[in-house]
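To start, the structure itself, in structure tokens.
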Amino acid sequence: MKILITSDNHLGYRESDPVLLDDSYDTFEEILGIAQRERVDLVLQGGDLFHENRPSRSCLNRTIGLFRRYCIGNERSGLRSNLALNFHDQNIGISIPVVSIHGNHDDPSGISMVSPIDILQSAGLVNYIGKYNLIDRIDVYPLLLEKEYRVAIYGLGHIKDRRLYRMFCEGRIVFHRPEDYDSWYNVLILHQNRIPREKEHFSSDLVEGFFDLIVYGHEHESMVVKGDCLILQPGSTVRTSLCEGERHDKYAYILRIGEECTLEHVKLRSVRPLLLDTLRIEERDNVEEKVENKIRGMIDLGRKKESLFNKEITAIDVDTKRFKCRGDSNEACGAGPVCKGYQLEEKTRIPLVKLKIELCGDEVLDKHRFSAQFKGLVANPSDMLTISRKTRRREEVETQPMAERVEISQILRKILGNVEFGVLSRLGFSESLDEFVKGDSNAFMGMVRKNIEKVVNAVDHSSIVDEDVIKAMKRASREEDRGYEEDHFEPRAALGVLDEMDPGLANKNLRNEYSSRLGGNSEENESKAKKNFNVEDLLGKEYLSKKLRKDKEDSSTDVSFTFSKYL
């Protein structure tokens, strides 16, 4: 069985740029062409297929065209699976099935939580896995595939790293394994930060040890890490930032599962070259001439490397894995298949250039002049230069540690600490604001509708009384807060918000929950906590009761009356 693995294709990246608009599509077409020529059984995509959460019509049109051209044919897939996949549809002749998870760029959003991958799945072109309802627990069931050998694929779409870490630590993510999982080749594919970052990464040490291969999307540098479990970082297929991590070659990977389990990497020829360098100028004379000569030297060197690259054949990277595809054998797997080179239509690709210039004086460089001068020679003339100045050494002063970066959602939650919310969640409100900023104009409408539906469903319509409504409103708000707080949980900040709230609104149970997470005796914390507020006093029991009874009389034919006036 052969599986092509790719990730972070970012289709639609810079599609408004007349030079770079085709880059993401050309490379993705090359990848699908490799899959077709190598006659792979499956394409496994690790998230961020699209660059935008709401891709343009042009982007969707070109993407659908590529899938139809390379994945539909007369030769039917010979795979067998436990789930209904698109190659089971007799009306669509799928020859190369594609299985994909969502990333942080194309994650589900909106009222109906729809991802661009959902659209491709509805069209019968892609099989979408790894989409879960993030409430209390995630049950990950594998996609089981058989063709001579057996593979179990566990998909986990992008989740905010803090929430994912907490859910793993609390045992709220469960991988359901088949009874004879030792006889399957177990693959986990997810879209998270792997490289350690401040509070924002997910370590493979948290994952159970029965996986043979873990595929990390999201990281743009291609990398293979050997160990008890093989870790594959396919990397991106288009350069979306001009940094050191993007300068390396880009690859597609082919996993061969059989008597010998091997992993090959195929260098992608259609990726636009990236040239990075640094220039330090200490003298004030002929500054612009030095910069111009440096850029031209970078371009000439890039052309020489490109000509050498075109003469090379594709390399292979082989890794030995213990054999777990048939029976109980634990024999070490060797390596040996030879990978072929691929002939592509030659395109003239002017390079991306990034030159960092460090000036020691007060010289002035005109970026616009260089931009006009190298237009047609450089793919990004407007942002190819980064200029910094070396400041004179000043007297040493005591440095203070940098304060932790404060996000707008934290500020908003602090402001909303004194706002009386009857049904809506304060944390849900800040989350909806983030979605609104991303471009989802219906974010607030969806939040309100979701919370009202929860209250309506929780109330017994046959014998509705004001106490039932009050309890349902309180419970809905509490459940939403509990769900949203997983993303940006800051215990001490939360206690600070409670301290600033009106004493009548300080919820003892909520404060005890935060205090217990900070450590210490819960009884001692309880004595310091504020008194529990009275929900009936908060909402105005008498006034609310009259209004509810009046609405019930006016809505005798429709018991699902509106709660909007009580929010």
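Yeah, the Cβs are placed from backbone N, Cα and C, and that goes for glycine too.
Keep in mind that what you see is a predicted model, and the values were worked out from it rather than measured.
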Please state which member of HIS88, HIS176, HIS218, HIS220 Swiss-Prot lists alongside ASP48, ASN104, HIS191 for binding Mn(2+) 2.
HIS218
Nearest recorded site to HIS218 (Mn(2+) 2 binding site) by CA-CA distance, among recorded positions ASP8, HIS10, HIS105:
ASP8
ASP48 (Mn(2+) 1 binding site) has how many other Cβ neighbours within 10 Å of its own Cβ?
28
For the Mn(2+) 1 site given as ASP8, HIS10, ASP48, HIS220, which other residues of the same chain have their Cβ within 8 Å of the site's Cβ centre?
SER7, ASN9, GLY47, HIS51, GLY103, HIS105, GLY217, HIS218, SER236, THR237, VAL238, THR240
Compute the centroid of the Cβ atoms of ASP48, ASN104, HIS191, HIS218, then list the same-chain residues not in that set whose Cβ lies within 8 Å of it, in sequence order, for the Mn(2+) 2 site.
SER7, ASP8, GLY46, GLY47, HIS102, GLY103, HIS105, HIS158, GLN192, GLY217
Just checking the binding-site residues HIS10, ASP48, HIS220: which sit within 10 A of ASN104 (Mn(2+) 2 binding site), CA to CA?
ASP48
Would you find the one among the recorded positions HIS10, HIS105, HIS191, HIS218, HIS220 whose Cβ has the most company, meaning other Cβ atoms within 10 Å?
HIS191
In terms of DSSP three-state secondary structure, what is the assignment for HIS191 (Mn(2+) 2 binding site)?
strand
